[in-house]
Amino acid sequence: MNNEIVKKWLSSDNVPQTDKDIISKMKNEELELAFSNAPLSFGTAGIRAKMAPGTQFLNKITYYQMATGYGKFLKNKFSNQNISVIVAHDNRNNGIDFSIDVTNILTSLELEFICLKIINLLLRQLFSYAIRKLNAQGAVIVTASHNPKEDNGFKIYNETGAQVLPDDGLKVVELMPNVFEMIDLKVANDDSLITYLNEDIFRQYYEDCKQALIKTNINESKEFSIVFSGQHGTACKRLPEFLKLLGYKNIILVEEQCIFDGNFSNTPTPNPENRAAWDLSIEYADKNNANVIIQVDPDADRFALGVRYKNSWRFLSGNQMGIIYTDYILKNKTFTKKPYIVSSYVSTNLIDRIIKEYHGEVYRVGTGFKWVGDKINKIKDSEEFVVGFEEAVGALNSTINRDKDAYQAAALALEIYNECLKNNINIIDHLEKNIYGKYGIIHNDTISFTFVENNWKELVKKSLDKILKYSEKTIGNRTITSIKYNEVGGCYDWILDGDSWLRFRMSGTEPKFKVYYNLYGENLNALSQEAKTINDQIKTLLNL
């Protein structure tokens with residue numbers, strides 16, 4: 001801890017009195033955690049942290065610091081060029097104020113701006129789309145996706161619409177000024193450098209999204225009921241609007257969760273990957289006799305599908321949706337070039353079996369959609385895009401942008417659901433009988449272990465070291481054929497017999513240790529039980 005920084009913080013006019021009161025009551029351990037000379041650094045998906053006073057948290061001063069580093073980075077990269085940057089925020093608390101702080105810093109560096117009016121909450125995928133459409137050089141969005149309400153973030157993009165890669169992230173951090181330079185900084189907004197986007201960008205985006213669709217007839221009215229929750233986020237109004245343009249007329253809003261609320265007051269978790277996020281949606285579905293539920297997270301990049309199946313509810317994972325998308329697109333779309341998929345190393349490998357039939361290829365990348373976007377940028381024109389996805393309910397179904405896109409994912413998922421209805425088959429049976437029956441029965445899952453200790457990264461690294469040094473030849477009933485560190489994937493691999501594997505990594509956005517399962521077998525129930533047995537063995541090994 002630097003005592004001079006703390007003193008400076010307490011005397012600065014840029015620090016509100018409420019924050020000064022909080023600092024004054026901090027214990028030494030809390031001050032050590034909150035204050036240091038080191039700037040914040042980028043994780044899997046930008047910079048995310050708690051909103052609080054201190055150099056290691058998010059506040060006006062650290063946003064000044066981050067925005068200055070990014071602005072200098074852009075000026076270095078695009079020297080002697082006009083630079084346009086898009087700035088926006090999602091629905092999180094303080095998002096408006098922080099986006100204004102970012103804008104004020106960047107305009108002080110004389111960068112031209114394109115940004116949405118404050119009243120319009122920006123959909124993250126539209127952000128990526130707008131960069132490409134408007135030929136901008138970069139973008140900043142104030143968001144922490146589905147993180148807890150106490151958090152916010154700083155996510156930056158390059159001129160292709162993809163999130164910046166680690167090397168560029170390091171350059172931005174290196175260009176961030178010392179926090180002493182930011183504490184008493186005074187900046188003013190220069191409106192002459194700001195252009196505000198209007199509704200045209202949404203209409204253009206909706207039109208271009210249709211290229212992700214194959215059989216959807218927008219003039220055909222789809223009468224089945226769809227329950228929708230926006231988890232208090234940016235898609236609460238826009239996604240139903242978009243789906244109605246595609247002919248889905250009977251959309252039932254989960255009213256309590258379709259209002260903008262940075263506190264996420266009416267949901268136990270805003271992450272549709274978690275089962276608890278679905279409880280209220282199920283109540284709505286049961287009340288309205290609906291058989292399908294769709295959800296997106298607050299910044300509308302994650303999409304998830306739930307369907308009624310044999311008097312219960314099934315929620316499809318990112319892996320399952322990736323498999324369904326892959327099979328459907330390859331079967332129903334005409335490809336004039338070699339088809340390709342981009343997916344992470346920790347995502348299912350059943351797609352490799354499917355695309356092999358079509359003489360295509362799967363490109364594997366590290367965890368984080370920035371790697372998916374980057375790989376798409378590098379693929380030659382002699383190949384044709386199928387889908388990009390991760391196991392964490394995130395997909396991209398066309399190349400109009402370079403980030404996960406819940407709008408495209410929802411539209412294609414509902415098209416497939418509608419086609420299954422026409423063929424009198426539940427989408428779950430389609431997956432487990434038609435697809436698994438042809439390509440192999442597989443159990444994919446992700447188990448997360450959450451750490452509450454401040455030194456959680458050190459604890460996770462110790463766990464990963466045990467994984468690498470594991471000396472047994474089996475796990476569960478599986479033979480371990482090799483154990484290695486996957487440098488590109490950023491994970492530790494246990495390669496098992498029968499085309500199966502386990503992978504382990506530290507989360508880049510939350511204090512979690514993650515285990516990824518990819519197990520083939522003869523029976524789904526047996527595979528599920530086997531995964532539980534393996535999970536118990538791993539917990540014992542790591543003392544979790």
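Quick reminder: no glycine exception, Cβ is built from N, Cα and C everywhere.
Annotated Mg(2+) binding site per Swiss-Prot: Ser145, Asp297, Asp299, Asp301, in sequence order, evidence recorded as similarity to another entry. Taken from Swiss-Prot, the feature active site, phosphoserine intermediate covers Ser145, and the record attributes it to similarity to another entry.
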Extra residues within 8 Å (Cβ to Cβ centroid of Ser145, Asp297, Asp299, Asp301), Mg(2+): Asp90, Arg124, Thr143, His146, Gly233, Val296, Pro298, Ala300, Arg302, Lys404, Ala406
Surrounding CB atoms that lie within 10 Å of the CB of Asp297 (Mg(2+) binding site), all protein chains: 30
Assigned element (helix, strand, coil) containing Ser145 (Mg(2+) binding site), judged by DSSP: coil
